[in-house]
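J.: Structure in C-alpha cells, see below.
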Amino acid sequence: AMSLTDVNDFSEFDFPREIWHIIAEWEVTLKVSTFIPVILFGLIGNFLMLSIIYRNRVLRTPTNILIGNMAVADLATLLLCPAMFMVNDFFQNYELGEFGCKTEGFLLGAFLLTAVMNLVAVSYDRLTAIVLPQEARLTLRGAKIVVCLTWIFGFSLSLPLMIYRQYRFRIWRNFDEKWCTEDTNVLPMYWHVLISGLVWLPLGVMIICYSAIFYKLDRYEAKVLKRENPISVSYKTKVAKMLFIVIITFTVLRGPFTALVFIRNQLLKESKINQISSSFQILWYTSHYLIFVNAVLNPVIYGWKNDNFRKAFRQTPILRVFCKAPQKKKKKLRRKSIKCTGRKLSHRIDTCATRRKSTLKTIFRPFVVHIEQDTENTKLGMLSSKIEPSEGSSGFIVSNMIIGEPKKKDNVLNPENFM
C-alpha cells in the first residue's frame, strides 16, 4: 500500500485532522511569558560569566576556560534555539522553511553537545586536581585544545540532523500542509548515539569523577581525624553537595527529553501522515523548556558557587551601579623598618602580621616579607622589610619561617579544586 507521505496532491481529500493554523492567544502569551525570563536570566548569567573571566586574568585557569566555553555554547543556545522552537510550536504548519528544517535540530544538537562535553572536561579536571598526580592536570594549552575539540565534536555529531531531515509540502482540499520530517529508517538509530552523547555518557563520567573525589576526601578525613584535626570535613560536605546538585540537575532537566525522543520516533513510524498528536506536543514542549532551563542554571552551579567568581561578580560595573553598598576604606601599606634582635624579632613580626593580615588578603595575593639584614648593624639586628608577591604560599614568609596561614601542601585541602 502507498503511504500518504509518498505523494503530495490530496486535493480530493479533506485534511484528516482539525485545522487551527495557530494556537490560542492565551497559550501564546503564557508560553512567551515563561520563556522570556529563562532567556533573559540565561543570557545575563552566561554573559557575566564570560565578562568576569575576561576581565580577571587570575581567573583564566584551565577549568574556568572550559566553563567559559560552556557559557558560550549556552549563550548561542538561548539566542537562537528558543525562538525557532516557539515558532515551530505556535503554528500548525512548519513556518521556518527548508533552511529552518535543516538547521533547527542541527544547531540545538551541536550547542548542547558542545556544552555537555565541557561538563565532562570540567569533571575530569577536578578529578585530576584532587585524586590524580599533578602531572595529569589540564594545562592552559590543553584546555584550549579541548575547547576546539568540543566544538568539532558537537557539530560533527549533529550533522545527520541536517542531512536526514526534509522539508515537505502537501496539498489537501481544505488545507496546504507544510512540515519538517525525518528519515525514519536512519535517524532512529542515530538518536541512540546522540542521546548517549548528550546524557548517558556525560552522566556516567560525572558520577565516576565526583565519586572518586568524594572517596579521596573520605579517606583523607579518616587520616586527619586521627590527628584530631578534622579540617577536611567541611570540604567533603561541599563535594557531596556539589555531586548531588550536578547529578540531580543534569538528570531532571535532560532525562525527559531523552525519553520523549524515543517515544516520538515510534509515534512518527506509526503515523500515516508522519506527524505526532497535539497531546504529545505538550510533553515535547516541556522537555525542550527544561533543556533551556539547564543553560540558565549552569552559570549558577559552576560560577556563583565558586568564591572567586562571587568576589569578582561583586566588582562588576553593573552591580556597582545598582547595589552601591558602603565600602570600608582600605588601609595603605607603608614600607616600614623593624628594629629588633633575637626573640623580639619573632614577636614584632607576629604582631605586624596579625594586624595587617585582613588588609593584605583583600588587596594582594600571597606575599613574602623578605628580610634584608643591614650589614652595618648586624649586632643591633637592624632589618628592613619589603613586600613582594609570591606564588608559593598563602601566608607570609620571613626568611625560612612561615607566619600567618601555612602553605597547603595537599591538593585535597583546596576547596577551589572542586567548587
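Glycine residues also receive a Cβ, built from the backbone N, Cα and C atoms like all the rest.
Unlike curated records, TrEMBL annotations are generated automatically.
So TrEMBL lists these for the protein:
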DOMAIN    45-302  domain 'G-protein coupled receptors family 1 profile'
TRANSMEM  35-54  transmembrane segment
TRANSMEM  66-85  transmembrane segment
TRANSMEM  105-124  transmembrane segment
TRANSMEM  145-164  transmembrane segment
TRANSMEM  189-217  transmembrane segment
TRANSMEM  242-263  transmembrane segment
TRANSMEM  283-304  transmembrane segment
J.: Please report, as numbers and ranges, the same-chain residues at least 6 past the borders of the transmembrane segment (189-217) whose CB is under 8 Å from any CB of it.
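T.: For the transmembrane segment (189-217), the nonlocal Cβ contacts are 109, 112-113, 116-117, 119-120, 123-124, 126-127, 130-131, 157-158, 160, 164, 232, 235-236, 239-240, 242-243, 246-247, 250-251, 254-255, 257-258, 261-262, 265, 412, 418.
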J.: Quick check: do the transmembrane segment (145-164) and the transmembrane segment (66-85) share at least 3 Cβ pairs under 8 Å, counting only pairs 6+ apart in sequence?
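T.: Judged by the Cβ rule, the two regions touch, with the required three close pairs present.
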J.: I need to check the long-range neighbours of the transmembrane segment (35-54): which residues 6 or more away from its ends have a CB within less than 8 Å of a CB in the stretch?
T.: 60, 64-65, 67-68, 71-72, 74-75, 78-79, 82, 86, 289, 292-293, 295-296, 298-300, 303, 309, 312-313, 316, 318
J.: What parts of the chain pack near the transmembrane segment (242-263), using Cβ distances under 8 Å and only residues at least 6 beyond its ends?
T.: 119, 191, 195, 198-200, 202-203, 206-207, 210-211, 213-214, 280, 283-284, 286-288, 290-291, 293-294, 297, 301, 305, 418-419
J.: The transmembrane segment (283-304): which same-chain residues, six or more beyond its ends, come within Cβ distance under 8 Å?
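T.: Beyond its ends, the transmembrane segment (283-304) has Cβ neighbours at 31, 34-35, 38-39, 41-42, 45-46, 48-49, 52, 67, 70-71, 74, 77-78, 81-82, 85, 89, 112, 115, 122, 245-246, 249-250, 252-254, 256-257, 260, 264, 276, 310, 313.
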J.: Could you tell me the mean pLDDT the prediction assigns to the domain 'G-protein coupled receptors family 1 profile' (45-302)?
T.: 86
